[in-house]
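Annotated features in TrEMBL:
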BINDING   ASN81, THR83, ARG87, GLU118, ASP143, ASN201, LEU202, ARG219, ASN220  S-adenosyl-L-methionine binding site
DOMAIN    4-275  domain 'CheR-type methyltransferase'
Amino acid sequence: MSNEREQDFVFTDTDFRRVVSIIYARAGIRLNESKQPMVYSRLARRLRALNLAKFSDYLNFLEADPKHEEWQQFTNSLTTNLTFFFREKHHFEMLSDQLHKLHGPVRIWCSASSTGEEPYSLAMTAVEVYGRFNSDVQIIASDLDTQVLAKAQNGIYSMDKLDKVSPEKCKIFFLKGVGKNAGQAKVRKELRAMIEFKQINLLANSWPLTPYFDTIFCRNVMIYFDQATQKVMLEKMGRLLKPNGFLYVGHSENLHHMSEWFYSCGKTVYRLTDKAIHEWGLSK
Ligand SMILES: C[S@@+](CC[C@H](N)C(=O)[O-])C[C@H]1O[C@@H](n2cnc3c(N)ncnc32)[C@H](O)[C@@H]1O
């Protein structure tokens, strides 16, 4: 890489391998060789901000203090946050069916919520099912990346991000910006109030969550993890589900390697097997 083109910062193959092993250990994210240019361009901004000339200096600086606040910037720089409203529409149709059958308080965990389009889509679906901004629906939206969490919490999107949201929904759930805010839309506070935002690393040994959830969305994040990491995480998630709960994963993800604990009940939607319910003490 260092010979390919002129670069502002010294970035060797050894530096790249160090970044790969650090982000794997901290976030479970696997980066292959093809990501070398991406790593350069994303972390170069950090070197510039800190006035450093070499990647090795940056990595030494980080490793000298495991608790330094720069660690969060490092992690934020290396996550991939692509998301959009009502992504994989069929999941929201299935969720709507599920919610119609549920009585009493409903708990949903959106476990890789990125900039918020996914948890707001969940909340809009719940409001449409129950016909009101229902305080009995609690949605927890979490992500590792603090920058995307802040954007999600803000709930302000450029109008072009709303292209998958029907005009009726836009009217009910968003306020259109005027004057200097023209071209932007803000989520209504009643919708935002249904969601609690938290930073959670899916790789952490324990998660600050109380059981149990009717639904967990864990979409388009497992693809960055290897199978061993996925297995540990999925078993922990399964143990947080109600016996009749649902786990939604991304379009290119599956739980074939977890068939002891989960079975497929729709396109990339899973439920707990009887064995999981029994062995994990989740009574029917
Ligand atoms: C591609 S986005 C998917 C967003 C959304 N779930 C969707 O499907 O549209 C992946 C998200 O996973 C988050 N992520 C990556 N590693 C994580 C980890 N170890 N713990 C929690 N979130 C993580 C990233 O910050 C990013 O926002």
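Yeah, the Cβs are placed from backbone N, Cα and C, and that goes for glycine too.
Note that the structure is a prediction, hence the values are computed from the model and not measured.
All features noted in TrEMBL, drawn onto the structure.
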residue : record                               : contacts (Cβ under 8 Å, 6+ apart)
ASN81   : S-adenosyl-L-methionine binding site : SER114, THR115, ASP145, VAL148
ARG87   : S-adenosyl-L-methionine binding site : GLU117, GLU118, SER121, LYS164, ARG219, ASN220
ASP143  : S-adenosyl-L-methionine binding site : ALA112, SER113, SER114, LEU149, ALA152, GLN199, ILE200
LEU202  : S-adenosyl-L-methionine binding site : GLY28, SER111, ALA112, LEU144, CYS218, VAL221, PHE225, MET233
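In the three-state DSSP reading, ASN220 (S-adenosyl-L-methionine binding site) counts as coil. For the binding site of S-adenosyl-L-methionine, formed by ASN81, THR83, ARG87, GLU118, ASP143, ASN201, LEU202, ARG219, ASN220 according to the record, the largest Cα to Cα distance is 22 Å, rounded to a whole number.
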